[in-house]
């Protein structure tokens, strides 16, 4: 039995977002080994008293407290680990920092946040460009150029701090095209009652984090941090080649799709999506749409919570709970695997509620957002008060990150519900504004923890994060809706009964059972020829 084109698209999208988040998080883990005096192989001595004040005036003082000066054997071990860049610099007789980089907390926070400084800038253009040139090109090049930058990061790191910083800024800028461009393809390929499940592919991002954090930790322990970027580059390039050969912008352009599957998709989307250009973009209507702004609010809170835990998780577990590089990678990645599993299960539950008319589309999206923002916020609030316990900390971080998986059935799916024709632009607007916490959060965390790596400082970080999550969740539940908007080129909403009828049609006429249709088509052809 042939594999459906939608299935192939799901897997390629899933891996594409793995690649996209691999680019975001690789520095989060490698920076632990890049800093002078924090060799990933060095064992940190546990504090002698649980209530000891870890406040220090700078990073080196803190490290001197938790771990004596790195031994000569460890320094030698760092130098002996093979690196193409160090070999080249030695050959060229160019001076560089051999024993690690001397970046303070503020400089480290700037590096971690630099990816997101202008990441939001191309969110809106991403949706516009995908409508004009297709998601295949825009999403593919966005990831592809970002992947190429991975090969440059090691040599830029040795070259200068400023060069690395601006390379990360550029990498973040170009990958900003990816997310909104994907919604354009989702609107063209996925029937309304399958959207929650398909959008769960976007949370390949979680699997990217879950898979690569521990892998990167072991790679660093076995070789050197530079090899993390070689692996990212090779893996990403393999995906890019497969994406170009296997993915097409619409069912009509796919050369290998079964006719039955194409007919089913086109019938399902016929009431809301134009195959041709739907006309001028209704910018005023989008900018003044309350449902659009509710999605922006939900994304703001959700991204603030997600990126705070994802970006600073390795540093938190390393400096506060004193995990080594391998444990840090595993503990930072595990919650994101749980997020993907939860997203997939919850998306099936959400689609079930829609198919059976148990809840309206608006209430399903509200339920999902209440989970990914509100409930997650309560868990992060608990982390603020119980994070001093290492076991409680990892459990709460894992549960909080897991609940964010419901976002695929909440605001992410709602944006397509509002306007399939302009879904990429709506997500672009949401990403442009809602993505700002990606760089605001690291900046604030840097201020709160500058020379103050204590439980109390991190408590403030988590309380602020909880406030953002709970506030955005409450606002969304009170004021949002997820019905097809009138500015979707004058299309009328497909009634719930119509959606249910389409689902019944799919069950009664499986996509692979095309013999009757083909026979009827053949008869009509014979009659017309006579």
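These residue numbers are counts, starting from 1, taken along the chain as shown.
Backbone N, Cα and C atoms are what each Cβ position is placed from, and that goes for glycine too.
Quick look at what TrEMBL annotates:
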- 12-484: domain 'Major facilitator superfamily (MFS) profile' (DOMAIN)
- 7-23: transmembrane segment (TRANSMEM)
- 137-159: transmembrane segment (TRANSMEM)
- 165-186: transmembrane segment (TRANSMEM)
- 198-221: transmembrane segment (TRANSMEM)
- 227-248: transmembrane segment (TRANSMEM)
- 292-317: transmembrane segment (TRANSMEM)
- 337-354: transmembrane segment (TRANSMEM)
- 375-403: transmembrane segment (TRANSMEM)
- 423-449: transmembrane segment (TRANSMEM)
- 461-479: transmembrane segment (TRANSMEM)
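Taking pairs at least six residues apart, the transmembrane segment (337-354) and the transmembrane segment (198-221) share three or more Cβ pairs below 8 Å and count as touching. Sequence-distant neighbours of the transmembrane segment (165-186) (same chain, 6+ residues past either end, Cβ-Cβ under 8 Å): 9, 13, 16-17, 20, 23-24, 27, 110-111, 114-127, 129-131, 134-136, 138-139, 141-143, 145-146, 149, 152-153, 156, 195, 198-199, 202, 249-250, 415-416, 423-428, 431, 435. Long-range contacts of the transmembrane segment (227-248) within its own chain (CB-CB distance under 8 A, at least 6 residues past either end) are made by residues 5, 8-9, 12, 15-16, 18-19, 22-23, 26, 29-30, 136, 139-140, 143-144, 146-148, 150-151, 153-154, 212, 215-216, 219-220, 254-255. Stretch with the most C-beta contacts under 8 angstroms to the transmembrane segment (292-317), considering only 137-159, 198-221, 423-449, 461-479: 423-449. Listed by sequence, the residues of this chain that lie at least six past the ends of the transmembrane segment (423-449) yet keep a Cβ under 8 A from its Cβ atoms are 105-106, 108-110, 112-117, 119-121, 123-128, 130-131, 135, 176, 179-184, 186-187, 281, 286-287, 292, 295-300, 302-304, 307-308, 311-312, 411-412, 415-416, 457-458, 460-461, 464-465, 468. Per-residue pLDDT, averaged across the domain 'Major facilitator superfamily (MFS) profile' (12-484), gives 83.
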